[in-house]
Amino acid sequence: MWESKFSKEGLTFDDVLLVPAKSEVLPRDVDLSVELTKTLKLNIPVISAGMDTVTESAMAIAMARQGGLGIIHKNMSIEQQAEQVDKVKRSERGVITNPFFLTPDHQVFDAEHLMGKYRISGVPIVNNEEDQKLVGIITNRDLRFISDYSMKISDVMTKEELVTASVGTTLDEAEKILQKHKIEKLPLVDDQNKLKGLITIKDIEKVIEFPNSSKDIHGRLIVGAAVGVTGDTMTRVKKLVEANVDVIVIDTAHGHSQGVLNTVTKIRETYPELNIIAGNVATAEATRALIEAGADVVKVGIGPGSICTTRVVAGVGVPQITAIYDCATEARKHGKTIIADGGIKFSGDITKALAAGGHAVMLGSLLAGTSESPGETEIYQGRRFKVYRGMGSVAAMEKGSKDRYFQEENKKFVPEGIEGRTPYKGPVEETVYQLVGGLRSGMGYCGSKDLRALREEAQFIRMTGAGLRESHPHDVQITKESPNYTIS
């Protein structure tokens, strides 16, 4: 042990380049899909971080529509986080199998509240909560000129000539019915006229608009949620599972600690089929420990993030490329996967992270400036920025992430992150397009037809500081910013 203190050398993204190889594939033809687990498949290997200035329901919805995944942060109450997950799951479905409904005795106010809360344009009306026989529908058109919201729904709902379809109606069949009758919602009923589902024109349009969406077996967008290692973790997990979360992320600064291992084991024993991501770690030993405890996917990265100060405050970490490779080497032995979390500044770093052994990457700073992030927008020197902070910053720990850094009992915090601002970028769709485009280009240079080929066959070359300087634009003054290249 003593003799091996300085035996290893660590490499990060700026230390290496991928070597170009003979290619028979065009960038537009590469396959970017990846199976993180048997039941968790992404169409692009990009995940938004579970940070309180990066991912809430709006970001998670946008990421899933692009083919990726969003992780709802845990700096909120259990009920709020479960509600965020529910918003994602209800935002888009092929067939809504458990639609909201009201009864004729409810007030118009109840319909207005439900429609406003979930941003829906109508609600089926059933005779009562027990029988659930369809008797009408109320839409925003019915509410348009109503001033007395205490009226009963029975007085304003549409109940004549209701257009319905039987259970098992396909989306193509539903689209024809909706177009024929010029309506937006099609209730599905059984032979006793009981409400069994709902198909909306908006969901059909979204299927067409976002063909690459990441969805579960029921046609709903997929979403993950972060949890910690506090006393209420199992209660939080229970509520998230009830909200149909697709994956739980046990999110801590040091995943190779007994409390984290115990939590992983407890969740696995309670929910044998639940997808579990656990981290963060940076060594093969930690990866093995989490997998043996029950993790399906291991999250790799201690200190590489742009807003993280762990490496300088604590003096601990492993440069990210080396950490990814070491952890992936161990995960392969168990048939498990890893996520590279942190340190990615350009799209080329995504290609490097996946070639080093990652199955997907988790992004924070690259997405924090987009419209969908929950960070506040501010104006600085005439330009728009969004607030971005590490979960180890004082503000984030005060809000609820102190357990991530094992400081839940502290009255004063020792922060391992900072607060900052990042330029506003507009819709996340544009950012993801550029990032994925860079990945496609990199795979084309490497001759990799899919992500598995990139992991297995791509080769690295180490470069000097001079090589890094040569890699960036040099000897010119940039006069027009590129959408995929900015030096802060």
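Backbone N, Cα and C atoms are what each Cβ position is placed from, and that goes for glycine too.
Quick caveat, the model's predicted, so the values are computed rather than measured.
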Hey, Swiss-Prot has IMP bound by Asp341, Gly342, Gly343, Gly364, Ser365, Tyr388, Arg389, Gly390, Met391, Gly392, Glu416. Any idea which of Ser306, Ser441, Ser448, Ser471 it lists too?
Ser306
If I take the alpha carbons of His472 (K(+) binding site) and Gly301 (NAD(+) binding site), what is the distance between them in whole Å?
25
Given the binding-site residues Asp251, Cys308, Ser471, which lie close to Gly390 (IMP binding site), meaning Cα to Cα within 10 A?
Cys308
Alpha-carbon spacing, Ser471 (K(+) binding site) to Gly342 (IMP binding site), which is rounded to whole Å:
21
Could you check which of these binding-site residues, Asp251, Gly342, Gly364, Tyr388, Gly392, sit within 10 Å of Gly305 (K(+) binding site), going Cα to Cα?
Gly342, Gly364
Tell me the Cα distance separating Gly303 (NAD(+) binding site) from Gly392 (IMP binding site), rounded to the nearest angstrom.
11
